[in-house]
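This report concerns only the one structure given below.
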Amino acid sequence: MSKFVKKIKIIKPDDWHVHLRDNEILNQVIKYTGKFYKRAVIMPNLNSPITSCLKSIAYRNRILKSMHLNYKFKPLMTCYLTNSTSPKELEFGFSKKIFVAAKFYPNGCTTNSKTGIKKISDITPVLECMEKIGMPLLIHGEEINQNIDIYDREAKFIEKTLDPLRKKFPKLKIVLEHITTKESVEYIKNNDVNYLSATITPHHLMLNRNDMFYGGIQPYLYCLPILKKNKHRMALRKAISNGDKHFFLGSDTAPHLHKNKINMLGCAGIFNAPSSLLSYVKVFEEMRALKHLQSFCSENGPKFYNMPINKETITIIKKPCKIIKKINIGRNVIIPFLSGEILNWSIESD
């Protein structure tokens, strides 16, 4: 596509990694996902994690009840894996389309992961079942150990956990989520796209770790996996700009109340739903790779999940769009990524 492109029409995208939270936060943030995306994979790490079919059905009903009339989408539910997860529960949930995937959180890796897995070998029967039935395993890929530098956790995870896992279960479908490193890009590109893929967030494509400390600590840029060196950001950008089928859209939008982002122990997570799609467009434009935007946003994900590609389209136009400054949650607020900033692209109204 020419650098002078003023309008882009693509198949309506899906977001393959979304945190909606619950209750009042859910009610206020949900429309921003619905505005841009047809389907969304919903993360299960609530305060009370989604560990069963019954919990998933109840949470999905709360999501559907909260949806904005004009911004509806299909929530795709996931199961939070624990040492108590039953293979039969997973198989039943997957067969009945209650779950589209199961999520592996290493213990202590991120928000609400205290009941996550300490050793992946502890859930071998679950993984055997998932490989057998073709159920995707979604992975937060960080090796959690106080002796491992936080900037090295993702690379160490590939070496110590992911590579042995794939050798043991070669036909287990795996999504390495929100990748942040050159090592992840290289490892994934060298493996079968039918069994290993990755999602990439807009903030890891746009920022490096210097941004988190520019002019002082920037709590709203603190996320996990943490922002990395610029060489890693450039590896991510190169991966998507080449049209590689291994990579697809997963925003990892993660809302937290302002007071919880700026307190003594600030929460990890970036709420980017109001700007995520437009941010991806910005990156693809900068990389002169707009011809690959549709495959990354709308095609690679459903192909990996063996789901139909959406029939609807969305039109993006070269028109300034100001990102909302804040979202009110009772007496509290949530501040979105790129709050108050102006992006060069907008969604064309019907």
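From the backbone N, Cα and C atoms, a Cβ is placed for every residue, glycine too.
Since the structure is predicted, the reported quantities are computational estimates derived from the model, not experimental observations.
Record note: Swiss-Prot gives HIS19, LEU20, ARG21, ASN45, HIS140, LEU224, ALA268 as substrate-binding, and the candidate from HIS232, HIS256, HIS258 in that site is HIS256. Summary of the site annotation: Swiss-Prot records Zn(2+) 2 binding at LYS103, HIS140. Screening the candidates HIS178, HIS203 against this entry identifies HIS178 as the one listed for that site. Annotation for HIS140 (substrate binding site): same-chain Cβ neighbours under 8 Å, separated by at least 6 residues, are LYS103, PHE104, TYR105, PRO106, CYS109, THR110, SER113, GLU177, HIS178, LEU224, PRO225. Here the C-alpha separation of HIS256 (substrate binding site) and HIS19 (Zn(2+) 1 binding site) works out to 10 Å. Cβ neighbour count for LEU224 (substrate binding site) (all protein chains, 10 Å cutoff from its Cβ): 20. Ranking the binding-site residues HIS17, HIS19, ASP252 by Cα distance from ASN45 (substrate binding site) puts HIS19 first.
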